[in-house]
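Noted in Swiss-Prot for the protein shown:
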BINDING   C559, C568  [4Fe-4S] cluster binding site
BINDING   H654  chlorophyll a B1 binding site
BINDING   M662, Y670  chlorophyll a B3 binding site
BINDING   W671  phylloquinone binding site
TRANSMEM  46-69  transmembrane segment
TRANSMEM  135-158  transmembrane segment
TRANSMEM  175-199  transmembrane segment
TRANSMEM  273-291  transmembrane segment
TRANSMEM  330-353  transmembrane segment
TRANSMEM  369-395  transmembrane segment
TRANSMEM  417-439  transmembrane segment
TRANSMEM  517-535  transmembrane segment
TRANSMEM  575-596  transmembrane segment
TRANSMEM  643-665  transmembrane segment
TRANSMEM  707-727  transmembrane segment
Amino acid sequence: MATKFPKFSQGLAQDPTTRRIWFGIATAHDFESHDGMTEENLYQKIFASHFGQLAIIFLWTSGNLFHVAWQGNFEQWIKDPLHIRPIAHAIWDPHFGQPAVEAFTRGGASGPVNIATSGVYQWWYTIGMRTNQELYTASVFLSLMAGVFLFAGWLHLQPKFQPSLSWFKNAESRLNHHLSGLFGVSSLAWTGHLVHVAIPAARGQRVGWDNFLTTLPHPEGLTPFFTGNWAAYAANPDSANHIFGTSAGAGTAILTFLGGFHPQTQSLWLTDIAHHHLAIAVVFIIAGHQYRTNFGIGHSMREILDAHTPPAGGLGAGHKGLFDTVNNSLHFQLGLALASVGTICSMVAQHIYSLPPYAFLAQDYTAQAALYTHHQYIAGFIMCGAFAHGAIFFIRDYDPEQNKGNVLARILDHKEAIISHLSWVSLFLGFHTLGLYVHNDVMQAFGTPEKQILIEPVFAQWIQAAQGKALYGFDFLLSSSASPAYSASQSVWLPGWLDAINSNNNSLFLTIGPGDFLVHHAIALGLHTTTLILVKGALDARGSKLMPDKKDFGYSFPCDGPGRGGTCDISAWDAFYLAVFWMLNTIGWVTFYFHWKHLGIWQGNVSQFNESSTYLMGWLRDYLWLNSSQLINGYNPNGMNSLGVWSWAFLLAHLIYATGFMFLISWRGYWQELIETLVWSHERTPLASLVRWRDKPVALSIVQARLVGLVHFSVGYVLTYGSFLIASTSSKFG
């Protein structure tokens, strides 16, 4: 008899109910729980899967390149990046009538196309690509690389090529390779590409495989490097009237510190970016060589951590025992990695609009809005994952004996103080922020808007002034020509930076007022509440006052009856589940704020945000309702336009979102009754009764139904806002 799914769990494979299928899918990636899994095999499986992950990323990027080269308008877009819409790919749909064909035929194309809102055109243009042929070449190269990585993944699963457990746990060697190799050398290589290919291309000089070894990126070659005259590489930068992609106004500098933006492209100076990557390379290559590997010199991570003991004795054992705790727990390591990547992802969202690195990206408003929203939502999901794996660490990997008295144990010991403080902050922020908003709404409703409580964000304005924003009149640090900070950099990067920060045609340090003050605190409420739920879930994962033996029940468990006081909604998984709703809520406020604020700036009408953002009806009426009208009329009884697809996606997203509630509100008994009824009717229906199944149908567990609900809620939520965002922005700016 054929073995049933799942092969990795004989217990589940023999389950006579449909639970076998759903639990099999749910635990497919929980390698630790699989039959016969050893620690060494676990590490090897995860290591090999990384190659598959890289192959997928390369194939995906390859597909982007290929479709733009085949069906896009890259070469036309380069000639006029501000007025030609970049095409992502063609669309072929048998349902299109003539109006749809005409509506979606854009960007100089001969048939229906999708417009790219991801900024890839600007990225490829900035790094030196100029022709479709180069896009094809890159696409083929990445496809081949994907094949190489798939082979490498397979190879590392073969017994001869499987790394040993000691190899995976050699922390110092890993730091050496990751810091020096992954970050350092790749940054150096990228600096090389920018200096040898991208900067010449920005000055109208083509460098390809045929001439890159003979074309000097700087007139003096390597002479200044070897003679110590490094300043030569910063001399003669591009002038303020440089036209990107041509030699008009171009200089010869390759590594500069100009500050600010290129006046034409409104992006960072490429020579500044090259300088930045070179500095990163030097720092990381040195950093990666600090640790003791083969030669008996350098730091030992274990010694460093064990030495970190607060001297007075009042703070316990410090970092003692942490080396083994971290090094032996994949969940701890994954939690740290996810927390770092989540933070970085959110930072990318902030920086890609405030300091745009790619030429002309700042003027592609739809791409700006899409990139910001995309990175903030991804950051939110990743950060929630960090706490989920932190909780799993406490349940599966934490050893109280090994961590006696250290910082980890002490955090668990005073978790009540941490949780209650977060709770207090959340309550304070919630009541005060909502109180201010509601007061202002009442004043608007009663016709006395002058009685609103409007608070200027003076501390934030002071911080902006310290960076050089002169508008507020604070005479401080970079806003004061008498300060040492001002004079120290006056001859280097400061003129460019001050021009940028005091200019009204970019997004650097936007002017802020009472509306910003309120929404800032609303976002702070969301962040603190999300953090409260996640931190409580992780710190209570092993046990709480109500359920001291929680760790024996694992990460996710359903209700355990009234006998123990009721254990519904207290597993670490439940905390993750609840936190995702708050995370989505928070990112919603963040993206609303970003988008509405920028719509005003891009349209030259900042007063609308300033006046309407101080009360809730302003947000609902002047942001959401006002900007959804074009979207909702993408198709109606009179016809359709190019927003029709987003109107449809908007509707679809609402349906997905609503489906989520069906799973979230009903409990297990409902599903069991529903399934029994369906089975009964199925078995009594002609023809349908011929189809039998071996597994006895049982309802979703509470946890499963909640997961299904959560996924539908999340997907619907993000897709609803995504379609609103792209439609409302592109309808205004093309």
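Every residue gets a Cβ built from N, Cα and C, even glycine.
Features recorded in Swiss-Prot, as mapped to the structure shown.
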{"residue": "C559", "record": "[4Fe-4S] cluster binding site", "contacts (Cβ under 8 Å, 6+ apart)": "G566, T567, C568, I702"}
{"residue": "H654", "record": "chlorophyll a B1 binding site", "contacts (Cβ under 8 Å, 6+ apart)": "G716, T720"}
{"residue": "M662", "record": "chlorophyll a B3 binding site", "contacts (Cβ under 8 Å, 6+ apart)": "G709"}
{"residue": "Y670", "record": "chlorophyll a B3 binding site", "contacts (Cβ under 8 Å, 6+ apart)": "A699"}
{"residue": "W671", "record": "phylloquinone binding site", "contacts (Cβ under 8 Å, 6+ apart)": "A699, L700, A705"}
Query raised in the report: Do the transmembrane segment (575-596) and the transmembrane segment (707-727) come together with 3 or more C-beta pairs under 8 Å, pairs six or more apart in sequence?
Result: yes
Query raised in the report: Sequence gap of 6 or more, Cβ distance under 8 Å, 3 or more pairs: do the transmembrane segment (707-727) and the transmembrane segment (369-395) meet that?
Result: yes
Report task. Could you name the stretch, out of 46-69, 175-199, 643-665, with the greatest number of CB pairs under 8 A to the transmembrane segment (135-158)? Result -> 46-69
Query raised in the report: Who are the chain neighbours of the transmembrane segment (643-665) in space, where the CB to CB distance is under 8 Å and they lie at least 6 residues beyond its ends?
Result: 100, 103-104, 630-635, 700, 705-706, 708-720, 722-724, 726-727, 730-731
Query raised in the report: Can you check what DSSP calls Y670 (chlorophyll a B3 binding site), collapsed to helix, strand or coil?
Result: helix
